[in-house]
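Report on the following structure.
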Amino acid sequence: METKIIVVENIADDQEKIREAAEIIKKGGVVAFPTETVYGLGADALNEDGVKKIFIAKGRPQDNPLIVHVASKEIDLLVEEIPEVAHKLIDKFWPGPLTVILKKKNIIPNVTSANLDSIGIRMPNDEIALKLIELTNTVIAAPSANISGRPSPTDVERCIEDLDGKVDCILGGHKSNIGLESTIVDCTVNPPLVLRPGGITLEMLKEIDSRIEIDKAVMQKPQKNIKPKAPGMKYRHYAPKAKVTIISGKRKKTIEKIQQIVHNYIDNNKKVCILTVEENKKEYTEGTKIVLGSIKDLSTVAKNLFEALRHCDDLGADFILAEAYEEKGVGIAIMNRLKKAAGFDIIEV
Ligand code: TXA
Ligand code: MG
């Protein structure tokens, strides 16, 4: 399939480019597009044939439901009921990196919700995404725009790498500002439960309802007998080709351990990348250092994490060693993605 690549430089001058992508979606096609979290791969959420093409292009298991992207907070046509707390969350955090799970109306086809009676909905905080949705006159179902299992793309080049020839159109814009997928909050239960941590932190959610907690299964290694509440959580995720290991402990011991492991790998002619931060980069004398950001502002680490994992693959790394982050604020989301990328291989020092 020929993929049309359209790059938006400036939203004010490029409305026609966005309209062209919108027309493709209206006709049942699939289009990758930017959002503030990661790039999405969208189709008309109400068009079964369009949505099916998303699953095929990504190689996504059919039991993994999609998130519906909207351009307004008016979602009564899509969902059965909106509990008071969901209203508050939407008012506070939309547009933004928050997906709410609500009971769906029948207008949402079963392919979109993977046969669940609920649906995840989000209003992205991204001008291009919002304009695209508006111009389609519908709502857009979109998972992250990566081949299933790979780290999510945060810029147009990575979308092209994964999807060129597999989708109708790739609409490019700026780099995603947040870099990790949205926080998912299940509002079909009371109190609501976080199914995936993201840019909206637990601390921020607790300001709306202090009873909100993160689902216990989220930060642990998947267990055979526990059915995850977000179907996507049972799949291998965010995984580069290299083997990822997380080193967790006090700063000095973590650095020592990483240096020791790197030394051994290099002795064995292996290529090793170290995911580190500004504050620690000088400590490493061997291996390829990749600086994610600063420990003083973990949003910088979040923004660069997926791109760094993909960059390690470009470099032909055999092994990736990652420093752990404190599980607080956006550190929870960073550690959730890192643990999945590492298949829960963590060395405590
Ligand atoms: O930031 C994001 O959320 C990005 C951008 C493109 O908006 N999208 C995204 O979609 O991350 P995806 O498909 O990669 O992740 C959706 C996750 C999956 O783990 C899925 O299982 C879960 O949301 N999910 C969707 N609908 C659900 C539902 N009704 N109940 C429980 N989990 C649901
Ligand atoms: Mg995804």
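Heads up, residue numbers simply count up from 1 along the chain you see.
Keep in mind that glycine also has a Cβ here, set from the backbone N, Cα and C atoms.
According to TrEMBL, the protein carries these features:
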type	residues	note
BINDING	Thr37, His69, Arg122, Ala142, Ser182	L-threonine binding site
BINDING	Arg60, Asn64, Ser144, Ser152, Arg196, Tyr238	ATP binding site
DOMAIN	15-200	domain 'YrdC-like'
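Recorded features from TrEMBL, shown on the structure.
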residue	record	Cβ contacts under 8 Å, 6 or more apart
Thr37	L-threonine binding site	Pro97, Pro124, Ser176, Ile178, Gly179, Leu180, Glu181, Ser182, Gly198, Gly199
Arg60	ATP binding site	Ile54, Pro143, Ser148
Asn64	ATP binding site	Ala114, Pro143, Pro231, Gly232, Tyr235
His69	L-threonine binding site	Thr35, Gly40, Gly42, Ala45, Ile121, Arg122, Met123, Pro124, Ala129, Ile133, Val139, Ile140, Ala141, Ala142
Ser144	ATP binding site	Val38, Tyr39, Gly40, Leu41, Ser152, Pro153, Glu181
Arg196	ATP binding site	Thr99, Glu181, Ser182, Thr183, Ile184, Val218, Ala230, Gly232, Met233, Asn336
Tyr238	ATP binding site	Arg150, Pro151, Ser152, Phe306, Leu309, Arg337, Lys340, Ala341
Arg122 (L-threonine binding site) CB neighbourhood, other CB atoms within 10 A: 27
CB contacts for Ser182 (L-threonine binding site) [other CB atoms within 10 A, all chains]: 28
Whole-number mean of pLDDT values that fall within the domain 'YrdC-like' (15-200): 97
Extent of the ATP binding site in Å [max Cα distance among Arg60, Asn64, Ser144, Ser152, Arg196, Tyr238]: 18
Where the C-beta lies under 6 angstroms from ligand 1, the matching binding-site residues among Arg60, Ser144, Tyr238: Ser144
Listed binding-site residues adjacent to ligand 2, that is, members of Arg60, Arg122, Ala142, Ser144, Arg196 whose C-beta is under 6 A away: Ser144
Cα-Cα distance maximum in Å, computed over every pair in Thr37, His69, Arg122, Ala142, Ser182 that the record assigns to L-threonine: 12
